[in-house]
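Features of the protein shown, as given by Swiss-Prot:
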{"type": "REPEAT", "residues": "147-181", "note": "repeat 'PPR 1'"}
{"type": "REPEAT", "residues": "187-221", "note": "repeat 'PPR 2'"}
{"type": "REPEAT", "residues": "222-256", "note": "repeat 'PPR 3'"}
{"type": "REPEAT", "residues": "257-287", "note": "repeat 'PPR 4'"}
{"type": "REPEAT", "residues": "292-324", "note": "repeat 'PPR 5'"}
{"type": "REPEAT", "residues": "328-362", "note": "repeat 'PPR 6'"}
{"type": "REPEAT", "residues": "364-398", "note": "repeat 'PPR 7'"}
{"type": "REPEAT", "residues": "399-433", "note": "repeat 'PPR 8'"}
{"type": "REPEAT", "residues": "434-469", "note": "repeat 'PPR 9'"}
């Protein structure tokens with residue numbers, strides 16, 4: 001009963017969040033563990049700048065034509081807070097954002113309309129997202145008024161480009177200037193960036209130290225602070241602290257956001273806690289099914305690693321939510337292996353066909369053994385023979401176990417000619433005969449009346465190669481690989 005009440009309560013909370021978020025895919029893509037500022041939250045109220053929204057729609061129509069973009073901007077003469085709002089709304093289109101920012105920067109240089117610190121901060125952020133760190137640094141130096149938002153923007157640019165040392169050093173420089181003439185001081189967003197930085201580096205003690213410092217400075221943490229802590233614990237596989245942080249949010253002043261629940265879903269999937277994962281998924285199912293392919297992939301992996309009795313059905317259901325064009329190579333291989341272990345030859349061969357069509361190559365023994373074992377258990381020797389030929393043509397790794405499976409299956413059906421042809425195929429693939437290869441031949445012939453001369457031939461070959469063996473009795477059945 002308690003579990004049912006927890007689930008109902010959770011679904012109720014998430015439903016409210018989904019209503020607030022309006023289900024916008026482009027907005028919710030910003031809900032990563034590394035969001036630093038409140039303005040990047042879908043719950044942030046921008047003031048309803050209709051002018052910026054209308055201008056954004058005009059610019060989107062001409063986003064592939066820099067000349068027309070400039071013409072639209074010239075007609076509207078936008079700057080200051082309205083320009084910052086426009087760049088905020090253009091965030092899902094970084095290339096267009098860069099064109100718009102370049103226009104504003106040129107206006108400042110040519111027409112003497114100085115840019116504000118917030119405009120520079122947006123430009124630095126855009127450059128960071130486009131992996132142009134040099135431009136981001138140039139804009140930082142160009143900004144005469146280095147406010148907290150300007151420092152945060154460059155720290156964020158360093159962070160998203162993997163320049164952790166530069167990010168850390170910039171914070172130290174920023175922090176050391178508090179006693180100088182500048183009145184700018186680190187904000188909660190500054191510390192959020194540091195928490196995210198140390199979380200990515202799996203430096204949990206430093207991450208927690210930054211959070212403690214934040215509290216000692218009486219700076220109130222926000223949802224991004226806790227989300228970045230949770231993300232750090234997920235990186236470090238510290239599931240207890242992940243869950244403790246989540247519960248502290250539920251019981252505290254800063255309540256979980258949709259981003260928090262998505263993080264917890266990932267954490268439960270990674271930890272293999274299927275019960276909690278399924279509860280969390282049901283709560284955010286509508287959003288996840290539409291927008292979160294990576295989370296769906298994480299859940300598929302969680303079921304794959306588990307011994308859940310209904311895992312095949314659940315994996316099949318989840319995989320249908322991913323568009324075929326979005327399938328990653330590893331997902332084809334995982335699904336191939338899942339259906340192989342379930343002896344579902346039709347589904348397995350369907351994914352084999354797709355993998356070959358897409359030019360994927362398998363070089364892993366485990367996957368090949370799973371496929372061969374599935375054909376073996378289903379006694380589908382002709383299908384296995386066809387698969388061997390197709391796998392070879394596709395450049396997949398050929399192993400001795402594949403040919404051993406063919407030999408055993410042909411032998412069990414007394415198709416001796418085809419069984420012996422397998423030996424020739426092995427030679428063509430430069431796969432040598434092992435003791436096991438000869439043992440398979442010996443047992444097949446010994447189990448068949450009238451094949452004593454073949455038994456003697458194989459026994460002679462084994463002695464020639466120095467293999468010890470016991471002559472099997474004729475009554476023995478053909479044994480497995």
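Using N, Cα and C of the backbone, Cβ positions are placed for all residues, glycine too.
These figures come from a predicted structure and were not determined experimentally.
Under DSSP, residues within the repeat 'PPR 8' (399-433) fall into helix, strand and coil as 26 helix, 0 strand, 9 coil. Most Cβ pairs under 8 A with the repeat 'PPR 2' (187-221) among the ranges 147-181, 292-324, 364-398, 399-433 are made by 147-181.
Residues 262, 265-266, 268-270, 272, 274, 277, 281, 331, 334-335, 338-339, 342, 344, 347, 354 of the same chain, all 6+ positions outside the repeat 'PPR 5' (292-324), place their C-beta atoms under 8 angstroms from a C-beta of that stretch. A Cβ distance under 8 Å defines the sequence-distant neighbours of the repeat 'PPR 7' (364-398), meaning residues of its chain 6+ beyond its ends; these are 333, 336-337, 339-341, 343, 345, 348-349, 352, 355-356, 405-406, 408-410, 412-413, 415, 418, 425, 429, 431, 480-481. The DSSP breakdown of the repeat 'PPR 1' (147-181) into helical (H, G, I), extended (E, B) and coil residues amounts to 29 helix, 0 strand, 6 coil. Residues 34, 36-37, 117-118, 120-122, 124-125, 127-129, 131, 133, 136-137, 140, 187, 189-190, 193-194, 196-197, 200-201 of the same chain, all 6+ positions outside the repeat 'PPR 1' (147-181), place their C-beta atoms under 8 angstroms from a C-beta of that stretch.
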